[in-house]
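Heads up: the structure comes next, in structure tokens.
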Amino acid sequence: MAIHTKFRLITYSPEIVDGQPIFVSSNCLPTKASKYEPAGHAFHSAARKLLGVQEDKNEADDKKVVDDKEQAYLPSDSYSSKSKKKSGTGDKQQDHYALLGLSHLRYLATDEEIRKSYRETALRCHPDKQAALLLGEETEAVKQAKMDEIESHFKAIQVAYEVLLDPVKRRIYDSTDEFDDEIPTDCAPQDFFKVFGPAFVRNGRWSVTQPIPTLGDDNTPLKQVDNFYNFWYSFKSWREFPHADEFDLEQAESRDHKRWMERQNAKMTEKAKKEDYARIRTLVDNAYKRDPRILRRKEEEKAEKQRKKEAKVLAKKLQEEEAARIAEEEKQRKEEEERRAAEAALQQKKVKEKEKKLLRKERARLRTISGPILSQHLLDISDDDVERLCMSLDIEQMRSLCENMEGKQVLLEQANVLRDALSTKKEVADEKTNQQNGNGSIKANGSASRSNVEKKDKPWNKEEIDLLRKGMQKYPKGTSRRWEVISEYIGTGRSVEEIMKATKTVLLQKPDSSKAFDTFLEKRKPGAQSIESPLTTREELEGVPTPVSSTNNTEDSHSKSTDSQNSASANGVSSSSEQDVWSAVQERALVQALKAFPKETSQRWERVAAAVPGKTVNQCKKKFALMKESFRNKKSAV
């Protein structure tokens, strides 16, 4: 007889197998050896297995296969408390896994294990197999009670099988199965994985997604740790919450009553789910706060952040120091440049002042030497010619000219030297003019020199003098290229030499008081009342004839007329009593002048006195005071 060592379902006597006892082992938990031998269909099935013939599974339970386990755990409304009946002897009071011998697996048991366990339990606990137990009973009542107990136990096995094979019913039953909802709150750092690891594994049974990630250990990469906490922070549970105090919908008295029961049951279920999610969230938060890996990463991030902050502060400090150093160097450089520039300017100023001083000395020397020549009018040399030489010659040329003139003892020879210098100056000016015009003709040079001389000798009119005064006020001393700028400001083509000469001659001349009234009439506003005065000139008013000079020099004639006027006034021709007398024409002229020149006008009284014929500044002021006092007296009398 061949012995199949792969399947040992029948117990053999020791004599059959070499007199040695048989030890049966399996990858399953050990089961108690049955005291009964298979018979009937069970014997037939055991024989087919021993022969190696596969058994065809025609049972209806074997055809029911669940392809998607995750779909079986998803919440569904197909089964709820609507069809449950409240009973004191309900399904909750029996342990389905214990009846089928699956207490060690419970919710981990697969459908195949449930079917296999059910077959073994049903075969063992079938009433027909338990009939031998009734033979030992003496009375019929005891036999009947024993039979009812056997049948009730078998029916309970069938109910457990039906519940555990139905995914929805099994989810409801597993949700009400005994479970430890406690979560750890605190632990020592070294016991973190021992305390929180089993808690996550225990609560992972409710997860829709299987398998769940593990907590790992202290050496787990941070990426897996982040995935673990991301999974639990987005945890989805399939756990149901059928409460014992739910309303039985079959006991509703009406449709409205039934709907009200449904709403109440839904509220209690939703509340229980929220509490469970809050419990899971508390578990995850407690673990995240105490996870040594997370704490270590936070410390590293904090240290890195502090390091970056310190590096940033240090870089900013270095940048500020560098900027301060550069600014200090730039400041020192500018101060050094300013100091050098100031020293150079001071040195240049000293040189210029020295040159100016020497130039003034040489000019004074030339004027002193030329004084006798000018007084005797030798060779028609005038003051303008001497001033022109003073303005055009430099120090060396002027010193050489003065030495040549001093070397001559005769005035005529000195005059010849001076005339030669003037002619040389004219020739240089002619050459410059010819170079500018680009004309090499001698005739053209002569005409250009004559026009230049005429231009230089052209007298200054009133408008040019006013522009010159304004220009000197607008461009004071120290202005770069002052005389060129003033020349451009006048705009009449005056050269720098002419302007410099005019500042020492024309501007220093006193205005001709004889024509002051006419000037006032020209400048007054149009439409103003004209003043017809028979006193056209100061000479006619005073009755003193104006001396006429026969000299061709206009400046000499002007000086002689002024001297004659001064001598006449000194001789007592016009007395103070006559000057204090105001005619009607003079009063009208004073009033018009006061209106034309308001208080804000600069040099007001000088202009008023110039506008009133025959009156001085003091006389105009006294007359104005008398007129003001008379007006006030008349006003107070009224």
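Just so you know, glycine gets a Cβ as well, placed from its N, Cα and C.
Taken from TrEMBL, the feature domain 'J' applies to 95-177. The region 'Disordered' annotation in TrEMBL covers 252-272, 427-464, 520-581. Annotation source TrEMBL lists coiled coil at 295-364. Annotated compositional bias 'Polar residues' per TrEMBL: 434-451, in sequence order. Annotation comment: TrEMBL describes 452-464 as compositional bias 'Basic and acidic residues'. Among the features that TrEMBL reports, domain 'Myb-like' is placed at 452-507, 574-624. The annotation compositional bias 'Low complexity' is assigned in TrEMBL to 564-577. TrEMBL lists 577-632 with the feature domain 'SANT'.
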- Message: For a three-state summary based on DSSP, what are the helix, strand and coil counts in the domain 'Myb-like' (452-507)?
- Response: 36 helix, 0 strand, 20 coil
- Note on the structure: In the coiled coil (295-364), averaged pLDDT is 90
- Could you put numbers on the helix, strand and coil content of the region 'Disordered' (252-272), residue by residue per DSSP? 18 helix, 0 strand, 3 coil
